[in-house]
Amino acid sequence: METLFNGSLTVGGRDQESTGFAWWSGNARLINLSGKLLGAHVAHAGLIVFWAGAMNLFEVAHFVPEKPMYEQGLILLPHIASLGYGVGPGGEIIDTFPYFVSGVLHLISSAVLGFGGIYHALIGPETLEESFPFFGYIWKDKNKMTTILGIHLILLGFGAWLLVWKAMYFGGVYDTWAAGGGDVRIISNPTTNPGVIFGYLLKSPFGGDGWICSVDNMEDLIGGHIWIGTLEIFGGIWHILTKPWGWARRAFVWSGEAYLSYSLAAISAMGFIACCMSWFNNTAYPSEFYGPTGPEASQAQAFTFLVRDQRLGANVASAQGPTGLGKYLMRSPTGEIIFGGETMRFWDFRGPWLEPLRGPNGLDLNKLKNDIQPWQERRSAEYMTHAPLGSLNSVGGVATEINSINYVSPRSWLATSHFCLGFFFFVGHLWHAGRARAAAAGFEKGIDRDTEPVLSMKPID
């Protein structure tokens, strides 16, 4: 029971005594009012979609086609561009109208959701069980809860399949690995081999292994969505048709707050994964839109100066740096030829502008001398000066390169925000899980405050 200074305060006809929660506990007052809780959820969805639409249009209004997206602080347009809308060869933005349409569609959707949220919060029935039993529920009804879980899984699976259909049949998606510097293409042969797809899940998360963040081709990425979309749809059907088994009934706490805690744990995990994915991966998050990764900017610096000095007559194969190690090229711990100097720590980086210059034993000296294309030089010079860790005059986190510009990479925004959100959602999971377990065990949440000294003191003012 929450303790209010003003215990008589009533909001919306629901006071602390009747609900067990103070006014600032918000939707907790609606735990047993399925109709009102539906209104809160729909209105919340409307707010989310409104932000997406409004921010989308804000980015369109401020977008300058002559500058890369990542120099303009954009976080939504890069996502739409990655889906292949309005993009030409090399990641050039050739049409902003699809971005405008996306913003307008989200705004219209938010209006519909907002109306539905207000209707159910203010006008609709307080509970749904009597009038609309299909949409009604009781938190302890285990069969109903797993049915709702199943419906959610089917919707998530359908969402995963939407990306598959877009990539395979409706215009394709942007592939940063397409020949010549990236392009929009149809993914006609996605990977369905379970050994490949689930191999990502079994990889180490450390170093060059990178767990699922190491996906480096669109075939595997779209194939992964085929698998997860299919599994979620079949899992949803399973949960709708079956009742929880005995071990599941005993293992879980079956209450509204428990389900909230499970959801917070899941979204926390997704936040941490999104953090790593947006920071390290340059296939799902193409560098043309999001800027280079940290290792990419560092490798680009080494490549740019190798190109420059090779033109000036340097023997890049044998030149030594001040430490006696290779100035331009050296050997990795496992024998591959890699870039030398400070960037050696990022030797397992892979990027579409660099991979054509590799051979079976790492970087190919003959290719470095004869096959470097102008687009590779331009792109590495651009990435060198746009490190995501960069502050003023910084490349790859090393504050020595005077050609850098002062900007904050979308990768920095996305990785930092998702890490922070993931952390706080995890704390929320612990909080609500503890409360739910305490309630299920039969003891009062919180502490007895009857003897707390502050309750007998005069108000400060």
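Glycine is treated like the rest: Cβ placed from N, Cα and C.
Owing to the predicted nature of the structure, the values given are computational and were not obtained by experimental measurement.
Under the heading phosphothreonine, Swiss-Prot lists T3, citing sequence analysis as support.
As annotated by Swiss-Prot, N-acetylthreonine applies to T3.
For 57-81 (among others), the entry in Swiss-Prot reads transmembrane segment, with the evidence type sequence analysis. Non-local neighbours of the transmembrane segment (57-81) in the same chain are 87, 91, 93, 96, 98-100, 102-104, 107, 174, 285-291, 382, 386, 405, 407-411, 413-414; each lies 6+ residues outside the stretch with a CB under 8 Å from one of its CB atoms.
The transmembrane segment annotation in Swiss-Prot covers 122-143 (among others).
Among the features that Swiss-Prot reports, transmembrane segment is placed at 166-188 (among others), with the record citing sequence analysis.
The transmembrane segment feature in Swiss-Prot is assigned to 243-263 (among others).
Among residues of the same chain six or more beyond the transmembrane segment (279-300), those with a C-beta under 8 A of the stretch's C-beta atoms are 68-71, 77-78, 81-82, 90-91, 174, 176-177, 182, 210, 213-218, 221, 339, 342-343, 345-346, 349, 351-354, 379-384, 386-390, 395-398, 409-411, 414-415. Marked as transmembrane segment by Swiss-Prot: 279-300 (among others).
Secondary structure at E355 ([CaMn4O5] cluster binding site), as computed by DSSP, is helix. Feature annotation from Swiss-Prot assigns [CaMn4O5] cluster binding site to E355; the stated evidence is sequence analysis.
Residues or ranges marked as transmembrane segment in Swiss-Prot: 435-459 (among others).
Around E355 ([CaMn4O5] cluster binding site), taking its Cβ as the centre, 11 other Cβ atoms fall within 10 Å, counting all chains.
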